[in-house]
Every structure is written in C-alpha cells, then in structure tokens.
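Here is the structure we will look at, set down as structure tokens.
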Ligand SMILES: C[S@@+](CC[C@H](N)C(=O)[O-])C[C@H]1O[C@@H](n2cnc3c(N)ncnc32)[C@H](O)[C@@H]1O
Ligand SMILES: O=C(O)C(=O)C[C@]1(C(=O)O)C=C[C@@H](O)C=C1
C-alpha cells in the first residue's frame, strides 16, 4: 500500500484557514489558494477520505487489465492517482490524471515526481467532459462528479462506460443527500461535528457551506445507482459510507 510517511522532500503541508475569517460570499473554486492547502482541507472535510484513498489501490489491483488505460478524473493533487499507480502491476498500462484546475495540475506534477514508482503518469489540464477516454479498465471519480452540473452527469458516465472494457470498473466517491428529511438533518449534523472535531470553527463551517452550495450538488445514492446502470454498468454497489459521503463500485459486464 501507499506509504503515508512524509519524506523531507514533500511540500510543506499547510493548514486550511481559508474560511476562518469573515469573507465576502463567493462560489468555491479550485484556485491556487485552495490547491496550496488542499491535502489538509480534504482530509479534515471529507469523512472517510483517509480510508477511501488506500482502498482505491486495493480495488485498482483487482480490476486493472494489462495493456489498458486507467483514468483519475478530477485528480486534484493526485492522491487517488498515486493510489491507483501502486495498484497497477502491469508495465504496459497508461495512467492518466485529468483536472481543469491549472493550480492543481501544477502541484500534482510535483507530488507525482516525488512518488518513487516506475509507472509513468500522464497529467492533462482538461475538462473531464471533453477529455478523450478509451480502452479503460479502471476509472476513478473521487469526489469529482458532485461538481459537474447534474444535467451533464449521465452523458459523462455513458462515455466512461463506453470506454471501459468488459470486466472493468468505475470507482465513484460522492457527497450524497438523503430522501428522508430526518436522515438528511442527522447526517449533515454528524458531518459538521466531524469538521468541528477536526478543528474547524462554526464560522469556517458555515462560510464553506455557503461557498459550495451552488457548486457541489449532491444527489441520492439511489439516483447514482440507477444512472450508473442506465449508463451501461451492470454490477453497481456501495462499498463504503461514512455519514453523507459514499463510495460506489460500478462494474462493466464481462
Ligand atoms: C474534491 S476534488 C477531487 C479530489 C481528488 N480526486 C482526491 O482524491 O484527492 C475535485 C476536483 O475536480 C476538479 N474538477 C471539477 N470539475 C471538473 C471538470 N469539469 N473537469 C476537470 N476537473 C474538474 C476540481 O478542479 C478539483 O480538483
Ligand atoms: O461538503 C463539504 O463541506 C466539503 O467541504 C466537501 C468538499 C468535497 O467533498 O470536495 C468540498 C470542497 C473541497 O474540495 C473539500 C471538501
């Protein structure tokens, strides 16, 4: 599994204080200020993130096929990309990370270079809605689809399914919402408590919530599962959940 130890060459891990002081309301963007603190931000904001990343290595190892492409769509700084890299034991595979944030891709190159592994990684600064996909065995969307406008999600998933070889897989991690108002309220409260336990203040939690409201659109688990089946995957199931964050495995029929 990926070694979580920090080598002295690693970039300095900065603490996320972006929402700690009052700021004017603005939609959240993956810009340079976010990229700088992103490892800290995502670990302290997404329940289960630190479990999901090493499991992506385990799942990749199970579904990767020789001579195929593996994609990490919305790769940010490459945490899932590197987990996939360590799960690929074929030297004829291509590993491709895609993100449309220049600040993320620039820093991602640095993390990829620091990861001592022989499999090359190609990074594309592109929109995942336009990026070319073919001959895939494993594709990861780790907390990325939630930022794609809902009306564009089905065609993207169809393109991924069409590009995936029989027996290949998609790992889809998302923030979800719940049908039941009561469950929605409890799970949201638990998520906010998780953030509080990780040192975020009420101001940080509420300002972040307002900033992502229009850009991160969660859907129900059922909507995700049905759409994955419609898109062309056959086995679709939940493999991980922590509060309102889930990860789904979708497999292409053999
Ligand atoms: C929450 S982060 C993903 C975290 C990352 N997958 C990980 O495991 O650490 C979402 C990423 O998706 C990227 N993104 C969002 N919409 C995108 C799009 N349409 N095309 C490419 N990248 C996109 C953002 O720039 C951001 O880096
Ligand atoms: O839902 C929240 O409150 C979050 O902060 C989630 C989330 C995410 O899932 O991507 C939002 C933006 C950042 O990328 C880090 C975490």
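For all residues, glycine too, the Cβ spot is worked out from N, Cα and C.
What TrEMBL says about a protein is an automatic prediction, not a curated fact.
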S-adenosyl-L-methionine site partner of 49, 74, 75, 76, 99, 100, 127, 128, 209 (as recorded in TrEMBL), chosen from 142, 244: 142
For ligand 1, which among the binding-site residues 49, 99, 127, 142 have a CB under 6 Å from it? 99, 127, 142
If H, G and I count as helix, E and B as strand, and all else as coil, what does DSSP give for residue 142 (S-adenosyl-L-methionine binding site)? strand
Tertiary neighbours of residue 99 (S-adenosyl-L-methionine binding site) (same chain, Cβ under 8 Å, six or more apart): 30, 74, 75, 76, 105, 108, 123, 124, 125, 126, 128
